[in-house]
Structures are given as structure tokens and as C-alpha cells.
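In what follows, a single structure is set out as C-alpha cells and then discussed.
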Amino acid sequence: MIKRLKDKRLFRQTASKSISHEILPALSYIYLISILLCPFKIIRSLPPVEFSPNLLVHIGAKFMFIAGMFISGGVTILFGLLDQVPDGPIFIAMCFLVRIIDALSFGAAITASSSILAKAFPNNVATVMGGLEVFTGLGLVIGPPLGGFLYQSFGYEVPFIFLGCIILLMIPLNIYILPSYESDAGEHSFWKLVTLPKVGLIAFVIISLSSCFGFLDPILSLFVLEKFNLPAGYVGLVFLGLALSYAISSPLFGLLSDKMPHLRKWLLVFGNLITAGCYMLLGPIPFLHIKSQLWLLVLILVINGISAGMSIIPTFPEILSCAYENGFEEGLSTLGLVSGLIGAMWSVGAFVGPMLGGFLYEKIGFEWAAAIQGLWTLISGLVMGLFYLLEHSRRRRSKSQNILGTEEERAALLPNEI
């Protein structure tokens with residue numbers, strides 16, 4: 001909710017300060033780059049050059065989460081005071097500084113919170129993650145209207161001071177409720193995790209899904225305004241179907257992933273393929289000769305929200321199970337690696353999506369831009385499906401060879417027994 005509010009209000013504030021249009025995208029990109037780099041610092045060493053002890057293990061996930069919340073709350077309040085900064089280079093420098101600190105604190109809190117939840121509920125990781133996505137969806141829905149109301153009623157400062165104070169007030173509650181977990185530094189590195197073939201492919205899936213979400217935020221609003229001549233206030237309602245369907249479906253897919261783990265891989269694959277189809281129909285793509293209509297666009301966004309939940313929720317347990325299968329120790333060290341990897345890959349997609357989408361939108365229009373964006377998820381879904389089929393075939397062949405070897409040993413022993 002706070003992220004959505006900051007993005008919208010900061011751009012409005014920079015416009016009022018007569019800041020160059022080239023600076024505005026950079027403020028978003030520096031935030032995403034900082035989040036991308038944050039997990040590498042958190043899950044690896046205290047000195048960035050030495051890839052040794054795990055910072056998450058050293059200071060504890062609980063402390064990292066509380067510290068991230070404290071800094072984020074303070075920075076959110078400072079965000080509301082940016083309008084008091086003089087125009088020019090000082091304002092630009094303060095904007096970048098606040099965005100970087102905000103991103104680092106946010107990355108720390110998210111990485112630590114995911115690790116704590118996975119440690120607390122080891123047998124229900126997907127269910128818990130899916131349940132949390134309900135609140136992510138609610139934040140996306142509530143953030144802009146709540147921020148708009150506070151902004152219109154009380155001015156620029158109040159929305160950020162209000163939300164920053166809420167974060168700070170939650171700190172004592174979390175200090176009391178959250179458990180403290182002890183863990184030793186792991187022997188395995190971040191790069192060993194990334195270079196596992198299955199993990200690498202799932203990382204590409206996360207990037208493709210994140211880039212699709214990033215593509216929609218700035219580009220779809222422009223398309224809806226131009227195509228359907230909707231008032232600006234109604235554009236947010238178009239996104240409502242996407243956010244609500246994602247929030248409602250995520251816990252269901254989380255529960256399904258935990259109860260039937262063998263279905264996780266196919267949820268991931270078909271979720272990507274359905275998402276690809278949705279992006280082909282968003283415009284729709286011209287060669288389909290389907291007329292673009294508002295009801296069709298909203299329906300596609302609702303389906304896209306469901307398919308996104310189908311794809312995103314299984315990623316954490318799939319990476320975690322793959323890590324355990326390849327000798328990673330069970331504990332906060334591995335959980336921190338997995339959480340950091342997912343956060344970093346999501347930031348890569350969120351960085352690439354709007355940038356590539358904006359370029360394609362200017363060059364070839366929304367219809368083709370959305371279709372090309374959908375190719376990401378189509379390719380990732382097909383490659384992931386092919387990998388799972390090959391993995392299944394390899395396991396069956398290995399199992400049949402083991403059975404054959406056992407029967408041969410038994411046959412060799414029978415004459416001796418007789």
C-alpha cells in the first residue's frame with residue numbers, strides 16, 4: 001500500500017517542483033535496483049567482498065525484520081517532508097537518498113519476514129505465502145484511494161506521516177509476538193543455489209511474471225485513457241479485478257500446493273501459459289481481429305490475476321524443496337537464500353517490465369507491446385514444462401533401473417540359497 005502511494009505522490013510532487021521528465025523514471029529504477037542489490041548484501045556476508053557468514057543468521061531474522069520496519073517507517077515520514085526541500089539539485093538528491101534507504105529497509109524486512117514464516121510453518125509454506133498475498137492485493141486496492149483521500153483532505157504530508165506512524169506502532173507488537181530463531185551459517189553459497197538448473201528456470205519464471213506486472217502499471221493506464229476515454233478516477237477500477245482475483249485465488253493455490261505437492265509444478269507451468277494468453281488478448285493482438293472492449297479487458301485482467309496466483313505461489317516451495325534435495329541444510333541460512341533470490345528476481349522483472357513496455361508502447365502500440373510481453377511467460381512456461389517432463393522421464397528410468405538391478409541381485413542369490 002505504501003509503495004503504491006509513494007510512487008503516485010512522488011511523481012506528482014516532482015512535477016510540481018519542475019523536475020525533468022528524465023529524472024522521474026530514474027526514481028523508480030533506483031528503488032528497484034536497490035531492492036535487487038539488497039538481498040545479495042543481506043543473504044551474504046557483512047563485508048561485501050568476502051562470501052562468508054550469513055548476515056541473516058548473524059543478526060537474526062527477527063532483528064532484521066524489526067530494523068527494516070523501523071527504518072521504513074522513519075523514511076516514510078521523511079517522504080512526507082520532501083515538499084519542504086528547496087527545488088533543484090538538493091531536492092533531486094534527497095529524493096534519490098530517501099528512495100534508496102526505503103528500498104534497502106523494505107528489502108531487509110521482506111527477506112526476513114519470508115524466512116521467519118517459512119521457518120515457523122515448514123509444512124505449510126505455500127499456504128502461508130498465499131494467505132499473505134491476500135493482504136498484498138488489499139494493499140494494492142486500498143493504497144491509491146486512501147492516499148488520495150488523505151491527500152485531498154489534508155495535503156501532501158499527512159498520508160506519509162499517517163502510514164509511517166502505523167508502521168512504527170506495529171514494531172512493539174512484532175517484538176512481542178515474533179519468535180527468535182537460532183541458526184548456524186550455511187556452507188552453501190547464493191551462487192550455488194542460482195546455478196541449480198531447476199532454480200535457474202524458476203528464477204526466469206519469476207522475472208517474466210514480475211515484468212508482466214510492471215508492464216501493466218504505467219502502460220495499461222495510458223491505453224485505457226486513450227482507448228475508452230474513461231475519466232482518470234475510473235482507471236483504478238479497471239485494475240480492481242486484477243488485484244482482487246489475485247488476492248482471492250492466492251490462498252487457494254497455496255493450500256492446494258501444500259496438500260498436493262505433486263501439482264505445484266503444473267500449477268506453475270499452466271499459470272504461465274494462461275498468463276501468456278491473457279497478454280495476447282489484452283489488446284487484443286491485431287491478427288486475432290477481436291474488437292477491443294472494456295468488459296473484455298476487465299475479464300482478461302481477472303483471469304490474469306488468477307493465473308498469476310497459480311504461477312507465483314508455488315515458486316517459494318519449489319525452490320526450497322530443490323535446495324533441500326541438493327544438500328542445502330534446513331534452517332534460516334537456506335530460507336534467507338531462497339527469500340533473497342525471489343526478492344532479487346522480482347525486482348529484475350519490475351525493472352525490465354516498465355522500461356521495455358514503455359519502449360514497445362511508443363514504437364508499436366499497446367496491442368503488440370502486450371503480446372510481446374506475454375512471450376516472456378509463454379517461453380518460461382514451455383521451458384519449465386519441458387524441464388519437468390524430462391525430469392519425470394529421468395526419474396522413471398532411474399527407478400526402473402534400480403528395480404531391474406534388485407531383481408538381478410535376487411536372482412543371483414537364489415541358486416546359492418538353494
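Glycine residues also receive a Cβ, built from the backbone N, Cα and C atoms like all the rest.
The transmembrane segment feature in TrEMBL is assigned to 23-43 (among others).
Sequence annotations record features per position, and here TrEMBL assigns transmembrane segment to 55-82 (among others).
For 88-112 (among others), the entry in TrEMBL reads transmembrane segment.
TrEMBL lists 124-146 (among others) with the feature transmembrane segment.
The transmembrane segment feature in TrEMBL is assigned to 158-178 (among others).
The domain 'Major facilitator superfamily (MFS) profile' annotation in TrEMBL covers 160-418.
Feature annotation from TrEMBL assigns transmembrane segment to 199-225 (among others).
Outside the transmembrane segment (231-254) by six or more residues, the chain places 126-131, 133-138, 140-141, 144-145, 216, 220-221, 224-225, 267, 294, 297-299, 301-306, 308-310, 312-314 with a CB less than 8 A from a CB of the stretch. Per TrEMBL, the feature transmembrane segment maps to 231-254 (among others).
Sequence-remote contacts of a segment are chain residues at least 6 beyond its ends whose Cβ falls under 8 Å from one of its Cβ atoms, and for the transmembrane segment (266-288) they are 202, 205, 208-209, 212, 220, 253, 256-257, 296-297, 300-301, 303-304, 306-315, 318, 365-368, 370-371, 373-378, 380-382, 384-385, 388. Sequence annotations record features per position, and here TrEMBL assigns transmembrane segment to 266-288 (among others).
Summarising the annotation, TrEMBL assigns transmembrane segment to 294-313 (among others). For the transmembrane segment (294-313), the list of distant contacts is 126, 129-130, 133, 205-206, 209, 212-213, 224, 228, 230, 238-239, 241-247, 249-250, 252-254, 257, 267-268, 270-272, 274-275, 278-279, 281-282, 284, 377: same-chain residues at least six beyond its ends, Cβ to Cβ under 8 Å.
The feature transmembrane segment is assigned by TrEMBL to 368-390 (among others).
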